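Features of the protein shown, as given by TrEMBL:
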| type | residues | note |
| --- | --- | --- |
| REGION | B:1-33 | region 'Disordered' |
| COMPBIAS | B:10-25 | compositional bias 'Gly residues' |
| DOMAIN | B:31-91 | domain 'Homeobox' |
| DNA_BIND | B:33-92 | DNA-binding region |
| COILED | B:85-120 | coiled coil |
2 protein chains.
Amino acid sequence: MSSSVTGAAAGSGGVGGFGAGGDDGGSNNDKRKRLAYKRLTSAQTAKLEKYIIDCPHPDEAQRRQLAEEVGIEPKQVKFWFQNKRTQIKNQHERADNNALRAENERIQNENLLMREALNNILCPFCGGPPSTDEDHELYVQRMALENAHLKEQASQNYSFNGLTEIYNIY
Amino acid sequence: MSSSVTGAAAGSGGVGGFGAGGDDGGSNNDKRKRLAYKRLTSAQTAKLEKYIIDCPHPDEAQRRQLAEEVGIEPKQVKFWFQNKRTQIKNQHERADNNALRAENERIQNENLLMREALNNILCPFCGGPPSTDEDHELYVQRMALENAHLKEQASQNYSFNGLTEIYNIY
DNA sequence: TTCTAATATAATGCG
DNA sequence: CGCATTATATTAGT
């Protein structure tokens, strides 16, 4: 659709066709197109993408050579690298986003489990909150001290240690 | 061969500002090729941005009217809305990403604290894992029983309860 | 200052 | 239309 008014953009007069017509790949290209806007062939894109891996920031000389090698104008090479860098950046951002979401879910699950675990810990003595509570801790410590003192008294008053018996009751 | 841009760098700054009346006709006489790419004035952008708030998806009729009102081609209006929508979308995505990062960090901290809390809960008696452990619970119960037995024995052997003293030591 | 990388925006074509 | 891509213009940084 769209009222393709192709004329408008062409004012520049052809932008000097890149005579790239006979590309090696020989892929596609059957529609009539004389516009300044031209899509790169898959072969050209492949070369550029292969190049950008080792050298994301080619200088002008490198760009010129690459332009000749690929068959496009140095200007286009410059544009291509600029746009490609932003594209890669966006892709990274998107990947990070996904990773973050996954990590978030994992951590949230862990969080829930730990919350539950903390809530399920109840003191066998006071039946109250766990030892993170100061009062409870005091309570337990008193109990321990009481126990120790009782043991001591018991051992002082009796010549034998009756605790063994107690331990083995169960 | 370098496509050095000898263009006037004067553009920086105000960009001319209003351009109220007839800017459209291309008062710009460029000796070079006339580019299809033309930047909108801030006033035009302002109108479009104001419009998109209430109506992000104008139909063709609305676009035509808006085009006349703003002083650009309907086609450009269409482009502008398309590009603007994706831009807004990307901005939202970025914001979400940041929010996610913050949330993630918050939860991580909370998890760390909970982990620490769980690890710090040690039985004052056996020094082992907390009451979620079956063996530990048994151990604590035995201790409680032992304590009770010792108390009983103590009260049997002495006419007074010496525990009060113990409790008040601290 | 000039240069260029990064960015924002305009415009094209495809599915 | 949404989306990716190509191209141009402007801003920022060394």
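Quick reminder: no glycine exception, Cβ is built from N, Cα and C everywhere.
Here the structure is a predicted model, which means the values were calculated and not measured.
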Give the residue counts of the domain 'Homeobox' (B:31-91) per reduced DSSP state, in the order helix, strand, coil.
42 helix, 0 strand, 19 coil
Please give the average pLDDT for the coiled coil (B:85-120) in this predicted model.
91
